[in-house]
């Protein structure tokens, strides 16, 4: 997987990434669209396939970084120490007002921002009088606005005696300011204006950001005033400081069973103990409360000191993306941020960077160079990582590394997956499943470069040989000149992304800009992290956004070649160190890490092994070679757009324009109900890109009709992906991809990317999958067992997920999922396993973890071959062709695929049934609802969780939008009550989801301080109070604001082709064909009255209550007695308290109710 860390791909239980953080948010956003679970099953995958199409939001170079927190605004907060006041340098309200007025006089010096060719927004960057660097982006076509502040201080600046202080400070800024003293003031404001917010603490930065409705100038400008007061006058109240310690401790508790955090801390333990990167960053009650008390430290005063020492305007960067004009935004920024004090502080890293060596022999807790650490993981991971420190001698050297990005080029070679690659060699020996290369530990004075190999069982015993092959390839890089076309192609591919980059979501974009403003020269905030070869010559930078299909000169290429050579020369045997993950070390370790209790061994790499690596075999003798030229890169002629958009997206649209339906796809081939194909087509006339999607689904029954068939489907998908990888890898680099899924209703193939070679690509892949399928099946029993091992380990991963994930799984509410078994990769596999425990899906659409585990044991290579023979044999075809094709081209592609698959048509009675939601058991408001009590599968996790689901079976748009509106009303008060006030846990969340035409409103809490029963009681008490405390007090203005947020999100223009394709396929595959669904929901929203909300709540909570409580009870920690496996319900005894063994009976009863 090239430049992707394998650990991230394998850690299927957590949703953490390292460029755009995706923890389960403590406060979920107000959803613009309900997450649909229906027969479409395409949406999430299409978005994933074309995620690079939205490259403005994601750096082109995937970077791995630890995100210590992703809190959502005001959640935080009896206390520690004596009363302490901010020093005289703090801002009073009067001073803030005066400073804001003075700041209206701007520095006249502004800078040109290099932006992508298709980006029509207006940019302006400048420095305010107080030293704050600002980047404004005016986007009149958008209805949302976003703001991000990057404070140039992070966890490396924690005082040695108060570990986790930077992270704690981040939490505290949300809890009241001088201008807005109420702790929940900001979150309430955002909730009422369709907004969301978050923050995270990194090693050297702390980033705060939010999104909000930007269409009302007054409300948006007020949001900036509120946000700006975080940085000019935070309160750090005593009560909030004491309470927020619980949130920090709960956050740390949920991470204790997370392999990412555990590995990260061990990595830092190999760093020089005098270097600040070696610290424990998150913090907990021990470091922030107990240790400070023992040392006589006043924690609140430490917070104040930290804020006053580092939170200075001259060390901050602000990015704003909004629909207002630049001139208006400048005034808003002056009012909101002009009062931030400029303390004229120097960059925090000046205290240690380039003077304290990151790695120093004998000065770390765990040795680094020439040593190996063997770690027992929580999940069944099996991998080896080779790491090299890349240490910079000066800031200038660090800056040059960012500008030249040699790690991108070197990683593209070491991480390649085609013929002649390291991975190809290792797979041929049966030692590896996948491989990744990338840089890590991104600090001012160093990065680390890593190659990670995900191992087979055989590979675990061959680590020395595997590492030797890596050094063989590195030696080839040193001895044999890298061909120029390698550099040229990297540039071409990168510039293609730049050339067709379009707008993404405002929030992530503002965040990325605020970060890059401090990493790249002025004017390169957009281009810096998204383009290669930022130097035009050795003395000048690039100065425009025109896409390049080649280097501007030999000098420019030589700059990159020299930088790459310098990096390659650092990848030596003597500077390397190894990390190995495997369950095989369990019971054999002698050491335990302090903060996460990770069991590990450390030992020196033997002299003989080091010598063998220095004298490794030649690359040629192992069949290693440079990548072949990439034939999938589109030609200039192939980039021609057939139908240019009628208008750009740079202007503001009227409501009438927004509400106007988007023309749907048309049927261009209809062979009848029992004919071969129904083909839908739409030529793109909105996005102006030379890209397209091809979706083919063969509807057929029996392919998923038993646990064994579900397992065989997964093994087929795994094997096919593996066998096709050497062919498809170059296509993927050139932004063409495919996806194979075996679903309960048949088989689906999806292709996407540049259209010039997409038809040929689809033809080759479909031929291999459907006609020459033996080419993509395991070649022997050993290879088959390798795929089975992957599947078994993925199934076992379910047990070590977080308790909240288990509660969600058992209750049938999962974030962004479909009914399909999407187990093409380990993460998708585990997502599916969660779904397989859902109580609202019919049994033929799911299988339990236990059923699948048993079926894996039954699976044989012979059974797999027989299964695949019948997979494509008969059915009914549905297809959607959308993008830069004309009608005749679309029909030709379908004809080609039709001949390739060559299936027999089925009669209508053989078509598989569509998904329907199972009704939850009904109960009266004075009766106990159905409750599942389940023991936490992971005995080492001491967190409890409880999840409550309220189901609405209404099918009208009005019913659907009322569920969303209720979710919007409940979200902030629920979070404020159970987390901020009651401090029950770090994870406190609410939201709405859909299964077919039903909607479910859900709330969830995970806690390390309260048992599941208490969590349930607190949530029920909150729900009991909703009508009196939240709904009856609603004013007409309140309702209008909530409605406006939901309406605006639906009317926000699509930003990429994948979004429209996803929506269209959802309507086709589900059989609804309601292409204007969002517009119909807008109409329903605009008609909502207060009485409608009250009536709907009374219906789902009192009159027709279908409520399910799912409690996960830990085996240690906040627990009650061990729950029974069954209450007798399975054998027919009626009961409302159920065990895990009663789920099957509960579903059977639901199916009977459905068919009654």
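Cβ coordinates come from backbone N, Cα and C, glycine included.
The shown structure was predicted, so the numbers you read here are calculated from the model rather than taken from an experiment.
Listed in TrEMBL for this protein:
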- 1-17: signal peptide (SIGNAL)
- 134-272: domain 'Peptidase M16 N-terminal' (DOMAIN)
- 300-489: domain 'Peptidase M16 C-terminal' (DOMAIN)
- 498-813: domain 'Peptidase M16 middle/third' (DOMAIN)
- 922-944: region 'Disordered' (REGION)
- 928-944: compositional bias 'Polar residues' (COMPBIAS)
- 965-1065: domain 'Coenzyme PQQ synthesis protein F-like C-terminal lobe' (DOMAIN)
- 1115-1137: region 'Disordered' (REGION)
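Within its own chain, the region 'Disordered' (922-944) is flanked in space by residues 253-254, 256-257, 378, 798-804, 806-807, 810-811, 839, 985, 1006-1008, 1010-1012, 1015-1016, 1101-1119, 1122-1124, 1136-1140, 1142-1143, 1146, which lie at least six positions past its ends and keep a Cβ under 8 Å from the stretch. DSSP states for the compositional bias 'Polar residues' (928-944), grouped as helix (H, G, I), strand (E, B) and coil, give 0 helix, 7 strand, 10 coil. For the domain 'Coenzyme PQQ synthesis protein F-like C-terminal lobe' (965-1065), residue counts in helix, strand and coil come to 62 helix, 19 strand, 20 coil, using DSSP. Mean pLDDT for the domain 'Peptidase M16 N-terminal' (134-272) in the predicted structure: 95.
Across the domain 'Peptidase M16 N-terminal' (134-272), DSSP assigns 64 helix, 29 strand, 46 coil.
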